[in-house]
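According to TrEMBL, the features are:
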type	residues	note
REPEAT	1-40	repeat 'WD'
REPEAT	43-85	repeat 'WD'
REPEAT	166-200	repeat 'WD'
């Protein structure tokens with residue numbers, strides 16, 4: 001897929017396309033055919049690593065990339081050109097699109113989160129936080145904004161005003177994902193635990209503890225029944241959400257940076273670290289993988 005390691009993979013809302021963002025400063029888009037991914041296009045323009053990307057929640061043609069070059073770019077798959085470049089104040093590391101499609105939030109290395117109007121491409125607001133901001137996400141109802149932080153907390157904002165802070169983990173809280181059914185969200189931490197939270201009650205329902213390394217990435221399956229989590233462990237854990245039991249583990253030969261379940265099928269896309277010359281590093285660099293094909 002790329003000439004260097006892949007930081008982020010994400011499916012379009014319809015599931016026809018998978019996008020990947022890489023350290024090689026580009027994004028790629030693949031079409032999902034019956035039994036394979038076929039590369040459709042490579043998107044160039046960023047001057048630094050593409051650290052995270054996401055698709056528009058309901059328009060299957062638009063996706064947005066966050067880069068260390070202090071910009072975000074919006075792309076339309078019907079053309080290879082970038083349809084908008086938005087300058088931001090710092091090196092961007094995380095990005096999400098609101099469920100109503102109207103706002104893009106982007107977080108940078110200086111713990112500033114900027115909220116950008118998806119139509120006018122202008123900044124609506126920005127918030128400087130006094131703690132390390134890791135991953136950001138709206139809830140499915142679009143009325144609250146969540147962020148995970150370096151002190152192990154989940155901070156919840158409504159209209160940019162803090163309404164609650166939950167002590168979720170004893171160490172750095174890294175990633176957060178909401179389940180498509182709207183029942184739970186999950187967080188992954190440097191303590192190697194994944195915790196599952198009830199959205200309405202904001203209480204922890206259960207923990208998943210099969211990984212030994214900091215949890216970098218999470219994804220719920222389309223029906224909310226499975227949760228994939230990954231770390232520097234050489235496997236991806238696939239758990240049954242309601243029981244916490246292990247359903248499967250996907251073997252990997254190196255740490256996993258990003259996992260994403262398909263929005264309609266039990267198909268998991270993922271990307272692992274490059275193998276630093278220990279194996280045939282040239283072949284493995286920048287690879288996107290699919291698990292669960294029939």
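Don't overthink the numbers, they just go from 1 along the chain as shown.
Note: Cβ is positioned from N, Cα and C throughout, glycine not excepted.
TrEMBL annotations: computationally assigned, not manually curated.
Break the repeat 'WD' (1-40) down by DSSP state and the numbers are 0 helix, 22 strand, 18 coil. On the 0 to 100 pLDDT scale, the model's mean across the repeat 'WD' (166-200) is 97.
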